[in-house]
Structure formats: C-alpha cells, structure tokens
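These features come from Swiss-Prot:
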BINDING   96, 100, 102, 122, 123, 124, 125, 126, 127, 128, 129, 130  5-phospho-alpha-D-ribose 1-diphosphate binding site
BINDING   126  orotate binding site
C-alpha cells in the first residue's frame, strides 16, 4: 500500500473524511459537495498522526532538501508544522490568516530571517486561496517560500490554477482520486456513489445533474 492510499484509508477509518454523494454537504463557498474533511481529527490518533508526520518529513526531504524553516498556517497547520520542525531539527513559525489587531500587529509568529528557504504546512487544499495568502504574508516578511505541503487535496482545477499562477510548488500526502478509490475498495461507497464522486471532481457545479 502506498503512503497516499494508507493515509486515505486512515482518514476514512477515523472519520476525518465523510463521503455522502447522495446527501451532499454545503461548503462555506456555497458549493454542494459529496465530501467533507476535518483533518484536525488526525491529531487525536497517534498512529495516523505519526504516519502523517513521517510522511511529511520524507516528502520535504525529497522535494525541498534545501529547506531552512518550517511554517504552519493558523490554525490547522500549526501542530503538524511544529512536529515536523521538531523531527527535522528546524526553526518553526506560524502564519495568521490576518495580522493581529493589537500589540505589534504580527501576522507571523516566530523569527523569520530574510532569505531563509521556507516550507509552509497546511492540512487541506480546496482552492488553495488561504494558504497562498499565508505564503504571500511570509514573503512580505522576507522568507523565500519554496513550497507548500498538505495532508490532502480535493484536486480542484481552481487550486491547480491558483498554485500555477502563484508559482508555488504543492506537494500533498494523499488526494481525492486515491481516497475515492480506497473508499470503494473498503465499502464506504457504492459503485453509483463512486461515479457521482468522479463527476464532482470533473465539475463542481454540474456533478448532480
């Protein structure tokens, strides 16, 4: 079993991911979606958490060997980022969604040295907008962001476009394609459900038609 399929399996088993193609969820954006993900739950399961953090360390060493600092996005990327930084013996910082409205007004907590090569950690990629905002904030502070890592991606075309336009490399441990494949094998969805889930990936607006 590959790392991507093992993580997909774990996410389903611990109910970090729910698949309901016949009774879709409504995302904050208004999109009707057959999938809902809350990867924060992974922190409560030591075996899954270890699998994820070791996976992150391996991927970062392979894809971004020149990394000098790890940063987590607030709030979901913070615990994973801190664990990764500890395992890799690297400095850690975290990036708020917006600057504090009191005190020094920091958006980044932790020391960012100008020109340091940074990898930003996120738990989930939908459109990529929030993590790319975090990347931009880090770069304004002088960091050289060399990539983003995340546990899971919905593989939405908008995310691919956003990362390409930003010129930021994205590496994820697992993905939507792998997850729905594993879900069918493990009996979490029917054959009809699988077809609906495939249609959602192709077009988020018309998949129910």
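Using the three backbone atoms N, Cα and C, a Cβ is placed for every residue, glycine included.
Comparing the binding-site residues 126, 127 on other C-beta atoms within 10 angstroms of each C-beta gives the minimum for 127. Taking a C-beta cut-off of under 8 angstroms and a sequence separation of 6 or more, residue 125 (5-phospho-alpha-D-ribose 1-diphosphate binding site) has the following same-chain neighbours: 131, 148, 150, 152, 153, 154, 159, 170, 172.
Cβ neighbours within 10 Å of residue 123 (5-phospho-alpha-D-ribose 1-diphosphate binding site), excluding its own Cβ and spanning all shown chains: 25. According to DSSP, residue 129 (5-phospho-alpha-D-ribose 1-diphosphate binding site) is assigned to a helical segment. Between the alpha carbons (Cα) of residue 96 (5-phospho-alpha-D-ribose 1-diphosphate binding site) and residue 126 (orotate binding site) lies a span of roughly 18 Å. Sequence-distant neighbours of residue 129 (5-phospho-alpha-D-ribose 1-diphosphate binding site) (same chain, six or more apart, CB under 8 Å from its CB) are 162, listed in sequence order.
Within 10 Å of the Cβ of residue 96 (5-phospho-alpha-D-ribose 1-diphosphate binding site) there are 15 other Cβ atoms, across all protein chains. DSSP assigns residue 96 (5-phospho-alpha-D-ribose 1-diphosphate binding site) to coil, not to a helix or a strand.
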